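If you check Swiss-Prot, you get these features:
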type	residues	note
TRANSMEM	10-30	transmembrane segment
TRANSMEM	50-70	transmembrane segment
TRANSMEM	77-97	transmembrane segment
TRANSMEM	105-125	transmembrane segment
TRANSMEM	144-164	transmembrane segment
TRANSMEM	185-205	transmembrane segment
TRANSMEM	227-247	transmembrane segment
TRANSMEM	264-284	transmembrane segment
TRANSMEM	306-326	transmembrane segment
TRANSMEM	337-357	transmembrane segment
Amino acid sequence: MTTKKTSPDLLLVIITLLLLTIGLIMVYSASAVWADYKFDDSFFFAKRQLLFAGIGVIAMFFIMNVDYWTWRTWSKLLMVICFFLLVLVLIPGVGMVRNGSRSWIGVGAFSIQPSEFMKLAMIAFLAKFLSEKQKNITSFRRGFVPALGIVFSAFLIIMCQPDLGTGTVMVGTCIVMIFVAGARIAHFVFLGLIGLSGFVGLVLSAPYRIKRITSYLNPWEDPLGSGFQIIQSLYAVGPGGLFGMGLGQSRQKFFYLPEPQTDFIFAILSEELGFIGGTLILLLFSVLLWRGIRIALGAPDLYGSFVAVGIISMIAIQVMINIGVVTGLIPVTGITLPFLSYGGSSLTLMLMAVGVLLNVSRYSRY
């Protein structure tokens, strides 16, 4: 192992904290009306998000100082724990149901979403597998199939909740990691055909997914039903114009756009801060992606490279899906916007992941 740098990637730290700060401001702005109506406290969601942010930042700086090889050592145990929690959440009376998905476990006044932490555990485990078996990754039987086996076993359990959004991000992240490891294009084509068949099957197996597809193609066909959320999102994004209506001046958060502080927070941000504000957020994520790629390229070993690739891919895929949903480019999937959307498990997981990335940067050659 090369000598550790005196400090991690400072620009990555700054970008992360800047996104987090913007997120805290927007969570309050987006949720104040609903929080005041439901809890008689306009700061209800903002205070909880601030608590999650504090826990996440402490975890990020702690993990930043933990040798990333520790995750390699404990990756199997982490996977076992996450699999156990994923099964536990399916048990009636243990798992909590929200918006049709049994994805949470109650812990006092709060709840955790095990599938979020499975994403990071999967990255640590798959990076270990790929770094040890890279010479076999071009083999369909000895490399490609075993790598995907553990991924899809977790995906199937997550789909029992069901949580297509989180499962899609996890699988997409792992596919990028396997591709970077050197898997053959022909194997991905074969996987794509199987995946397309599976996707069609998943859509047809649940009426609400069919409604999501039809509302995506033509949301105005059912403006008060399946198309309501995306229409209200577009009503937020469009009027924002170039400079926005002003911070705190959103109209859609007045009970038009459901739960605007979660998956659709980018719509409120675009309405209040306009095209300029939305572009700034995309620019910040682009810089974060650039720093992550540099860290992956400069990592001293394959494990560090694969971990960095996995983390930055997870963030990038989640950003693309979330903004794609908000702008009507893809069907609604229920994915948070990293660092900005309200949600304790998602925010804590993302900050922990950045902590791992920062530790890899302390060994990076760039």
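Here the Cβ of each residue, glycine as well, is placed from N, Cα and C on the backbone.
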Worksheet item: Looking at the stretches 50-70, 144-164, 306-326, 337-357, which one shares the most CB pairs under 8 Å with the transmembrane segment (227-247)?
Response: 306-326
Discussion item. Quick check: do the transmembrane segment (264-284) and the transmembrane segment (337-357) share at least 3 Cβ pairs under 8 Å, counting only pairs 6+ apart in sequence?
Written reply: yes
Fill in: Maximum Cβ pairs under 8 Å to the transmembrane segment (77-97) - stretch from the list 50-70, 105-125, 144-164, 306-326
105-125
Worksheet item: Any residues 6+ beyond the ends of the transmembrane segment (185-205) with a Cβ under 8 Å from its own?
Response: 140, 144, 148, 159, 164, 175, 179, 213
Response to the item:
For the transmembrane segment (50-70), the candidate among 10-30, 105-125, 337-357 having the most Cβ pairs under 8 Å is 337-357
Fill in: Top Cβ-contact partner of the transmembrane segment (105-125) among 10-30, 144-164, 306-326, 337-357 (pairs under 8 Å)
337-357
Worksheet item: Which listed stretch (10-30, 144-164, 337-357) has the most C-beta pairs under 8 A with the transmembrane segment (306-326)?
Response: 337-357
Worksheet item: Short question: which residues 6 or more past the ends of the transmembrane segment (337-357) have a Cβ under 8 Å from it?
Response: 9, 12, 16, 19-20, 22-23, 26-27, 30-31, 45, 48-49, 51-53, 55-57, 59-64, 66, 68, 71, 104, 110-113, 116-117, 119-120, 123-124, 261-263, 265-266, 269, 281, 285, 292, 295, 307-308, 311-312, 314-315, 318-319, 322-323
